[in-house]
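Q: Provided herewith is a single structure, encoded as structure tokens, for subsequent inquiry.
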Amino acid sequence: MAHSISEVGLIWAVVTMAFYHAATIEASTQFEALISTGWWSSDTSDHCKWHGIICNGSGNVTEINLHNCSRGLGELSKLEFPSFQSLVRLELSSCGLNGSIPPQIGKLTELTHLDLSGNFLTGELPVSLANLTQLVELHLSQNHIYGSIPSKIGSMKNLIDLNLGDNHLVGAIPPSLSQLTKLTFLYLNGNQINGSIPLEIGNLENLIYLLLNDNNLTGLSHGIGGLINLIYLSLSRNKISQPIPEELGNCSSLQHLDLSNNYFTGDIPIQIGDLALHRIDLSNNLLVGRIPSGFQNLRSLDYMNLSHNKLSGTIPSLTYSYNWTLIDLSYNDLEGHIPFELQNASQPGAFDHNKGLCGEIRGWPHCKKGHRIKMIIVISLSTILFLSFAVFGCLFLSAQKKRRDKKILPTEAAAPRHGDLFSIWGFDGRLVYEDIIKATKDFDIKYCIGAGGSSRVYKAQLPDGNVVALKKLHHLEIEEPAYIKSFKTEVQILSAIRHRDIVKLHGFCQHKKAMFLIYDYKERGNLCDMLRNEVGAVELDWIKRVNVVKSIAHALSYMHHDCNTPIIHRDISSNNILLDSELKAFVSDFGTAKLIYPNSSNQTLLAGTYGYIAPELAYTLVVTEKCDVYSFGVVALETMMGKHPKELITIPPSSAQSIMLGDILDARLSPPADLRVLKDVIPVVRMALKCIDSNPQSRPTMQHVSGALLAHSPFPKVPFHEISLWHLMNQDV
């Protein structure tokens, strides 16, 4: 017995020594491979301590991360891929790489994340990429890669995020792409891909973002209807010449639909009216027929562009919303009455160049009596009431003329003093100055609910019962005419922003040397105070916190990607997230930094709150959307942790395995052990960690974040108490 035990011990010792010897040889080989690239210079011979290198316990390299290099790295082939069999993550985005992607990259069979975007890579996609079957994320966008997409790409069945956008790819979309059933994000935009979108694409049921815009596609199959979780679809600027498939109405999750600048023919499918669209752009096509009456069911719609088609008939009534950002029906053959609910929401030129429209819009002919009677018969009761209030409001105009003669600055149009102020203020709320002075007793300190370096915030209840928040600015330059003119221009831009997750800026008042902005009032104050309050923190349970983060993400995505001119917040912090009575979150103070200094540019104006400012601002002094992304990540972590993340922001990736999710979540709440809750918490923390990446190029866009948080989350495979930050960073849950 003792003899057999000694034999086992001897064998174990031999195996251990052999393993150690092999690991030593592999580590030595990796050291030589790294040195030969010329990409590193270090005083230490321990390559595991070099910048951007992470090793496992055996000393083998598991991660190479040199994104956004300060100098060009040259050819990618300098890296001897076969030497790195344990490599899990390779991130060399924006590193000045050139040459082609070597076939040897297929040797990295353990790789889960590959990002070579933003370089000068050329050549074709190597077929050997298909060997990377563990790959979850593949980013090769913004290069000069040409050729076709390899058909063997279908073997990469773990792919969740595939971005080949902004290259020179040609050929058709391979049907084998439909085998990537875990795919959530697919970006093939900005190439020269041709042919039809294959029928098999409907197999990608987990897809939420599909960007195929700016290609040479000529057809769209009815298989598109199988994308039941699709949220964002962009096919703009292609050469698609066919009717819009009715099956598009089966995409029940669709919120953003852009088919503009194609050659779509026929009628707009009535099935589109059954969707929950927020934005629809069918402009610059060859569409005919009527606008479907079902569009009146699109209650979340805030952007509609049907211009430059051949649509005819009348405009259907649509649900009126203060959230409208654009309506454009110009350059069609529409006729009849312009619905009242669109007259306040439309922009100049929205109905130009049509056959025979009429309505109560300046510059348009009034409808004839007979036609008006016909419209009254078919109009809904809600529209009649809306008209009645509008007429009643007009009767007050003459009674208010005397107010123009007071010391308040003149305005272009009078308005009822205590009527529906929010719909008639426009961009200038000066006419209600006296009401505000009375409501706040000339800005008495007891009505002050907040203060900052450039302003104080007051709560005011107006005579009509509306409660507003007043941000009174105390900037010294308000006496200068040039400042006032520039300030008003900024207010006009920000007042036009209408989104359900952004605090509405109604306008401003100016009198003598006082100037203040008028916002919606939110009852529960800001997120920072709520998290500091023991009772409030418990009331803000996990699901409410998840929804808070989602609202912030949707608001920033809208500002960065859906406004005609992208707008940067510059000061996302928990102090600038407000909560209403139901603890729904709203982004506030949007653009206030620009408003206070309206003559400064996006690139030179530095603003923000300490602890939320992106680190690159210390040396670039350039404010970009990625600065907002970083600040969002900090706020998202703060929301889930119940406190500012501080040390977690600067933690090295090598320490992520030792930090458990349960250890960082707010201990004042019961752990989210319930799988139904945990599956919603995980994506929030995961995306937050991505957003605080020190390299701005590696941070996702807010559009990507918003889409990821909207996507259906599977139940985690790892028990809650075993989930580490490493699991979240590598999507291994």
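Here the Cβ of each residue, glycine as well, is placed from N, Cα and C on the backbone.
Residues or ranges marked as ATP binding site by TrEMBL: LYS471. According to TrEMBL, the domain 'Protein kinase' annotation covers 443-715. The feature signal peptide is assigned by TrEMBL to 1-18. The feature transmembrane segment is assigned by TrEMBL to 375-397.
Help me picture these features in the structure, burial and contacts included.
A: In the three-state DSSP scheme, LYS471 (ATP binding site) is classed as strand.
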Q: Mean pLDDT for the domain 'Protein kinase' (443-715), rounded to an integer?
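A: Summarising the domain 'Protein kinase' (443-715) by its mean pLDDT gives 82.
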Q: Including all protein chains shown, what's the count of other C-beta atoms within 10 A of the C-beta of LYS471 (ATP binding site)?
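A: Result for LYS471 (ATP binding site): 23 other Cβ atoms within 10 Å.
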